[in-house]
Structure formats: structure tokens, C-alpha cells
Amino acid sequence: MIVLKLGGSVITHKDRAETLDGASLEQAADSIARALENEGGALEGGLVLVHGGGSFGHHNASEHGVSTTTGTHDAGAVLEIHGAMKTLNQFVLTRLLERDVQAVPVHPFSTACRDGDGALELPTSQVKSMLAEGFVPVLHGDVIAQTGRGATVVSGDELVVELARALEADRIGLCSTVPGVLDEEDAVIERISNYEAVESVLGASETTDVTGGMAGKVNGLLELEGASSIFGLDGLASFLEGKNPGTTIE
Ligand SMILES: Nc1ncnc2c1ncn2[C@@H]1O[C@H](COP(=O)(O)OP(=O)(O)OP(=O)(O)O)[C@@H](O)[C@H]1O
Ligand SMILES: C=C(C)CCOP(=O)(O)O
């Protein structure tokens, strides 16, 4: 099975608060629908989707001073951040359903949490049941309760790592707004197996982002046993066909 994240930077205009990038979301939904129609293809074992926040969630979290480590005890702030993510989730589900993809929501706020050290606990038995019944579960970056800190942000990137581990994913992909991890000359780095070797080129996101941009992605994916890929929207169809576009992290 495949765990795929649609980056918020792809499906929204990340520099404008709560603005969907409808054309890119539709292109992504088309690629997913086409890949699922392909019997015997790479998606035969099922697909779990995660999407990020982009201009939904990050702006709200930033306004309330909430990040993956700084929490809030203000339920109003939680509702605003979670509400923005649910709005985006609804857009994603609708575009998939319009293409007959049997996409269903999983909201991390109602199921996941962090311990006092920030370690993520993400139950996955409901995701497994959904997969077994032929659904495409769609999770998203969110706020979640954290022991001693109220509620903190959980990135879609963290969810991908946890899902990949718990579901023993065969393939893991992060589709972002860049064609891969870029070096100093903006060329795509083909393979990364060591964080220190690329640390100097890994930065945060250029837009409002409370979860760590490219550095966080590479760090998280390197923790996994198997290989994973970071690629742009133009690489999505090829990734879903079983190829390795963009940067391979192993
Ligand atoms: N070496 C690098 N190569 C590519 N992108 C980089 C690099 N260093 C920093 N970045 C930034 O990381 C961004 C991608 O991370 P970002 O977290 O914004 O993506 P996303 O996961 O698609 O979005 P979201 O976090 O909203 O879901 C790029 O747009 C770029 O600004
Ligand atoms: C900012 C919120 C609420 C979620 C962020 O998820 P990400 O875009 O995957 O980092």
C-alpha cells in the first residue's frame, strides 16, 4: 500500500490566507483517480492520503502562536485551526469523490495526541479497517492535545511517517510545490541517505509555516526503514505508476 501526502503548498496558494489552488488540487485528484482505476497497478494494496495545511491552518496557528512545540489551552484557537483544516479536508474529499475515489475523512484531533515529550501517538486500527473496506482514508495536519501543553500542531509530514511505520507501507510519497529537494544550484538532489550531507541546503518554507518546511520532511523520512520520495505535482502520476520521481530518501 501507498502513503501519499499532498502538500499544502501544492493544493493551496500558501501565501494567501485560506485560498485553494483549485487547478492543482484537480490535477492531483485526476492523477489519483486514474491510478486507482488501473487494476493490478501500484495502488492495488490501497492508498492512504494525508494533506498539509498550506494557506489553511498555518496562518491560523501562527496568529495564535501555536506550533508543533508551543501549545494553547484556548479552545477557541483550537477550533479555528482545526476548523480551517476541516474546511480544506472537505475540499480535498469533494474533488476526489467527484472522480469516484471513495475518500473518507480521518481528523487527527479526535484520535491522536502527544505525550509530554512531544512523541506522537496515532491509532491506526480505524485506518486499517477503512482500507480493508476499500475506502481511501484522508488525514490532514491538525492540532492535537499534548500532555502539559494544551494543544500543539501536528504536521502532515509527521502523520505520514507514523502511518508508513504502522501500516508497513510499501511506498511513501510527499508531493510538494518543488520538484524534489534542491541543491545550492536549485537542481534536484537524486538521493539522500544522510541528513548531515544535505543539512546546509535544507530550509524552512518560504511562506507562513509552523511545521518546519523541507528540513522536517527529510529528517522524518530518514527515520523510516524503507525508501520514500519527495517530488512535485508533475511527478505525481509517475510516482503512482510505481516510478521514483524527484528525490529518493533512503
Ligand atoms: N533544499 C530545499 N529544496 C526544496 N525546497 C526547500 C528547500 N529548503 C527549503 N525549501 C522550502 O520548502 C518548501 C516545501 O515545504 P512546505 O512545508 O512548504 O511544503 P508542503 O508540505 O507542500 O506544504 P504544507 O507544509 O503546507 O503541507 C518549498 O516550497 C521551499 O520553500
Ligand atoms: C498548521 C496546521 C494546523 C497543519 C500543518 O500541516 P502541514 O502543512 O502538513 O505541516
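Every residue, even glycine, has its Cβ placed from backbone N, Cα and C.
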> Which one of Gly45, Gly46, Gly54, Gly173 goes with Lys5, Leu6, Gly7, Gly8, Ser9, Gly213, Lys217 at the ATP site, as TrEMBL has it?
Replying inline: Gly54
> What does TrEMBL list, out of Gly150, Gly156, Gly180, Gly203, as binding the same substrate as Gly53, His58?
Replying inline: Gly156
> Do any of the binding-site residues Gly7, Gly8, Gly53, His58, Gly156, Gly213 touch ligand 2, in the sense that the CB is under 6 Å from one of its atoms?
Replying inline: Gly8, Gly53, His58, Gly156
> Near Gly7 (ATP binding site), which residues of its chain come within a Cβ-Cβ distance under 8 Å, counting only those 6 or more away in sequence?
Replying inline: His51, Gly52, Gly54, Gly156, Leu174, Cys175, Ser176, Thr177
> Does Lys14 (site 'Transition state stabilizer') have same-chain partners at least 6 apart in sequence with Cβ under 8 Å from its own Cβ, and which are they?
Replying inline: Gly8, Gly54, Ser55, His58, Thr177, Ser205, Thr207, Thr208, Asp209
> According to DSSP, which kind of secondary structure is Leu6 (ATP binding site) found in, if we only use helix, strand and coil?
Replying inline: strand
> Could you state the CA-to-CA distance between Ser9 (ATP binding site) and Gly53 (substrate binding site) to the nearest Å?
Replying inline: 8
